[in-house]
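Pasting a structure below so you can have a look.
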Ligand SMILES: Nc1ncnc2c1ncn2[C@@H]1O[C@H](COP(=O)(O)OP(=O)(O)O)[C@@H](O)[C@H]1O
Ligand SMILES: [Mg+2]
């Protein structure tokens with residue numbers, strides 16, 4: 001079945017997903033050009049939007065109608081209240097998120113007229129998510145059927161969460177982003193599905209002296225040797241993998257096969273947070289019994305919808321909105 005038809009018949013309400021990790025307030029200003037060191041440039045109005053990979057993923061899950069339990073830390077500042085209220089209004093269960101006495105995670109982003117950006121990440125409370133916190137939320141972790149992880153939280157905490165969840169029988173999904181190099185063996189051993197974009201995939205499998213493949217241009221993904229990529233990923237320890245390819249769609253690698261899923265053509269306004277909405281849709285799909293491939297097909301629609309609006313979470317639709325948009329032919 002195609003993604004649109006799958007979504008038309010899909011009910012995510014029985015799914016239960018736990019998302020462990022980061023929440024950030026994104027401060028963005030648009031400028032003519034990016035300032036050089038020591039320089040002041042004049043920018044447009046400041047926008048403050050909810051972000052952070054895990055928080056985006058949780059919002060995406062909840063908007064589709066599945067249960068989304070967020071685990072992580074917010075600060076005691078106003079951004080903590082702002083992020084909590086935004087996630088609550090998306091439908092995320094925030095009852096296990098605790099406050100750390102200091103600032104919440106934030107990013108300061110400058111975007112120039114060409115769409116080039118500079119980003120400063122201030123981890124804030126996210127940096128204080130530790131194994132002791134993971135142990136304190138063990139029972140909440142064990143309640144879900146799927147766990148979503150990314151690497152915006154300390155590695156020891158992410159690893160501990162994967163261990164506990166895997167032992168409790170959850171399907172553990174790791175978004176290896178932002179890419180950080182070598183992953184702990186105990187983390188890899190407890191991950192059931194890896195989700196990466198094309199750049200992260202390449203960083204993960206590249207060997208010393210390899211020539212960088214071309215990751216753009218018409219049909220670029222067809223020129224990659226996906227059997228070789230799958231075999232290298234297996235060598236790293238990942239047998240089930242989804243590689244997202246931006247507007248070129250995604251590849252689903254499992255059981256020795258590589259299936260391409262087309263992106264859905266839309267008039268893209270801002271692709272920020274598309275990867276996180278894709279991940280959220282996959283988490284919700286897996287939690288409601290869909291196969292990896294079907295989950296990726298539905299995620300292609302959900303993430304294409306997210307490209308039609310500005311911001312990350314701010315552009316995520318609920319299931320009805322996504323269905324209605326494509327029922328009218330999109331665009
Ligand atoms: N311009 C676009 N039009 C339609 N879908 C898109 C577009 N950009 C991204 N997507 C969808 O979002 C998914 C994730 O985007 P991608 O750029 O690969 O992630 P990331 O943001 O992590 O780099 C893609 O697999 C694709 O399905
Ligand atoms: Mg991308």
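For all residues, glycine too, the Cβ spot is worked out from N, Cα and C.
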Among 152, 156, 186, which residue does TrEMBL annotate as binding substrate at the site that also has 24, 25, 26, 52, 53, 54, 55, 56, 276?
152
Same ATP site as 244, 245, 246, 247, 248, 249, 275, 276 according to TrEMBL: which of 197, 318?
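For the ATP site that includes 244, 245, 246, 247, 248, 249, 275, 276, TrEMBL also lists 197.
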Using CB under 6 Å from any atom of ligand 2, narrow the binding-site residues 55, 152, 197, 306 to the ones that qualify.
197
Near ligand 1, which of the binding-site residues 197, 247, 311 have CB less than 6 Å from any of its atoms?
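Checked binding-site residues vs ligand 1; flagged 197, 247.
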Sequence gap of 6 or more, Cβ distance under 8 Å: name the residues on the same chain that satisfy this around residue 249 (ATP binding site), in order along the sequence.
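Sequence-distant Cβ neighbours: 221, 260, 261, 262, 263, 300.
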What whole-number Å value do you get for the CA-CA distance of residue 311 (K(+) binding site) and residue 247 (ATP binding site)?
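Residue 311 (K(+) binding site) to residue 247 (ATP binding site), Cα-Cα distance: 17 Å.
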